[in-house]
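> Residues annotated as substrate binding site in Swiss-Prot, with similarity to another entry given as evidence: TRP361, ASP362, LYS590, GLN591. Under the heading active site, proton donor, Swiss-Prot lists GLU488, citing similarity to another entry as support. Annotated region 'Disordered' per Swiss-Prot: 762-786, in sequence order. As annotated by Swiss-Prot, compositional bias 'Pro residues' applies to 766-776.
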Amino acid sequence: MITEDAFPVEPWQVRETKLNLNLLAQSESLFALSNGHIGLRGNLDEGEPFGLPGTYLNSFYEIRPLPYAEAGYGYPEAGQTVVDVTNGKIFRLLVGDEPFDVRYGELISHERILDLRAGTLTRRAHWRSPAGKQVKVTSTRLVSLAHRSVAAIEYVVEAIEEFVRVTVQSELVTNEDVPETSADPRVSAILDRPLQAVEHERTERGALLMHRTRASALMMAAGMEHEVEVPGRVEITTDARPDLARTTVICGLRPGQKLRIVKYLAYGWSSLRSRPALRDQAAGALHGARYSGWQGLLDAQRAYLDDFWDSADVEVEGDPECQQAVRFGLFHLLQASARAERRAIPSKGLTGTGYDGHAFWDTEGFVLPVLTYTAPHAVADALRWRASTLDLAKERAAELGLEGAAFPWRTIRGQESSAYWPAGTAAWHINADIAMAFERYRIVTGDGSLEEECGLAVLIETARLWLSLGHHDRHGVWHLDGVTGPDEYTAVVRDNVFTNLMAAHNLHTAADACLRHPEAAEAMGVTTEEMAAWRDAADAANIPYDEELGVHQQCEGFTTLAEWDFEANTTYPLLLHEAYVRLYPAQVIKQADLVLAMQWQSHAFTPEQKARNVDYYERRMVRDSSLSACTQAVMCAEVGHLELAHDYAYEAALIDLRDLHRNTRDGLHMASLAGAWTALVVGFGGLRDDEGILSIDPQLPDGISRLRFRLRWRGFRLIVDANHTDVTFILGDGPGTQLTMRHAGQDLTLHTDTPSTIAVRTRKPLLPPPPQPPGREPVHRRALAR
């Protein structure tokens, strides 16, 4: 487990004070750098030792067959797996004739710092070779947020105490060996030497390698160039082969003298462009990087992040761990999305190969809501990517005998890649999640152009899907049968409340959008009768409720299922230790489902219903998904269980910084990183938008004395500053001088020239805090109990 001893809690950086080889893979994920197009895992500069080497290009993948013991109609035949592309991070250092390797000689000191404001990873190492020669190595790495195709590394070697001859080999390496993976289905499939050489060339101080995939027919280019500064004589040579290019720098250093190398990297890929065009694109990016220079790249990186933090920062007084974690999470969300530009945001970002690099409902459901308030330009690009796959989604729906569009449960380029349909294709709610993301973007930004550009078609086709999936019974009630909600331990059910409410929202949203764009809707074949049918279905959707228990049923009949024996089944996650045929017919819940419905469709439940539902479902949720803790934090906060909510917020925030699920090695959990913001801002800040108006109603737990957060709303920058007695709203620059929002159910008009301060609304819980299944209390509570 990652501990505070080696990773101290600091507000604006993640710092590793000593190197633990047993945690290399985890630290490589934490220290990953990305801009949404290029992703570099935080591997050591010298390439070895490593936990999992990784260099990724967004949506650059290979196709592999999906094997079935018993295949059926409609099963996807091929899967998609992210490819580890050409590694440009490597600097091999020889001191005399001995390679710098942290496993040999003496590592006198070692430190790595991820700077969340500078957008850089800095490493400082002091090493004594087996022969007694000492050097200090300092490297700083960045993936440019300002220049999409560019990464760069500054590598400095300093001689200590005596003269040393140093040799630095700066490399581009393709088809690296990757370690064996586990049988865990959440871990990536292995691809053996996935790239075929196309072309290679070299210059005096650089090289370029081009490769393509075999089955997906994607082509990529990776190039490097170097600047070298050193006192005295230096020899520089470059050679290139199909899978390896190397620039070698040899010099002698007296004590205190330094060799400084700046390595510029450029990456690009395409499924359409010619070899010369792709080669020239990479070469042009390299020239542009050298023109900017190392300092220019640093300055542009800082400026980009300064602007982001001005709209996104969250300050948490009283809880330094959550303070560090929420900034860490926001930083990685920005990295995953900033320059993705009409490509997917994978569930692991570009930090690892977990889940094969696929995007799920996590993107629209958890990541985009945060970015809509903090980096809306990235959301628009992510939604454009999803809309670009609409034709594939329509083909998938037709294959399944349905109308409209059926978006894939997991994918890289738009085709369904889930081999397990009960927890894949049957999770139809992803279509409504996508529709809600389009609607939230329109409401929060006030920008209707994206809906007109591509959102309307998505809303219409997803509405058509729901109408063909559902049916009215003889009493006129509308049902959805054979669906799976967010809880994957209760699959293929009737009338999952979350799915039905989200489908109803999708249907109403589509009808409303057609009224805003009548000519475009008519061109897509929408009639008045079709819109009326959408609204009829939405208004008649069945929402199961157990009158005797006074709670909503997660799905029809859920509260009558057998109770799960939590005392006898204590090895988690259950998906790796229990058969689905035992999980499906029992009241055991993988992750927030009905509870998530109360967050996303808050207006559909009364305060009393929320309190009783939280009390019932808390006792049955095991949180075998990283998506659950943030939602439980939000709803526990809303019903008044503030300390329990704080524990869930801690768990959501620290899932990767403390490796709470023991799988950070495979990449970071983007949705849970988003969940840190959600738990704090939506949970304790009381942010809601499901009724089309900005509503903020904060209430803080005892462990947080002050919560101050920034967000964007319809062109305004808003600062919310809450403590235990009052909340202050500061309206910044925007399209006008005033904004009407809602606080504690009452309209409040803010003015740009005057902060508004109002007393917080105190809430008393209707019920005492509920217990959790044995051994599944929030992580922080268990730690405090020891």
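Using the three backbone atoms N, Cα and C, a Cβ is placed for every residue, glycine included.
Map these features onto the structure and tell me what's around them.
The Cβ of TRP361 (substrate binding site) lies under 8 Å from the Cβ of TRP409, ALA427, HIS429, ILE430, ASP433, each of which sits 6+ residues away along the same chain. Taken residue by residue with DSSP, TRP361 (substrate binding site) is part of neither helix nor strand, so it is coil.
GLU488 (active site, proton donor) falls within neither a helix nor a strand when secondary structure is assigned with DSSP, and so counts as coil. On its own chain, GLU488 (active site, proton donor) has ALA423, ALA427, LEU575, LYS590, GLN591, SER625 as residues at least 6 apart in sequence with a Cβ closer than 8 Å to its own Cβ.
Within the same chain, residues 566-567, 570, 572, 607-608, 611-612, 614-616, 618-623, 636, 639-641, 643-644 sit at least 6 positions outside the compositional bias 'Pro residues' (766-776) and bring their C-beta atoms closer than 8 Å to a C-beta of that stretch.
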> Sorted by position, what residues of the same chain at least six away from ASP362 (substrate binding site) have a C-beta under 8 A from it?
SER347, LEU627, MET670, ALA671
> Centre the Cβ atoms of TRP361, ASP362, LYS590, GLN591, go out 8 Å, and tell me which other residues of that chain have a Cβ in range of the substrate site.
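Apart from the listed residues, the neighbours are PHE360, GLY365, PRO486, GLU488, SER625, LEU627, SER628, ALA671.
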> What is the Cβ neighbour count of LYS590 (substrate binding site) at a 10 Å cut-off, with all protein chains included?
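So the Cβ neighbour count for LYS590 (substrate binding site) comes to 23.
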> Tell me the residue counts in helix, strand and coil for the compositional bias 'Pro residues' (766-776), as DSSP assigns them.
0 helix, 0 strand, 11 coil
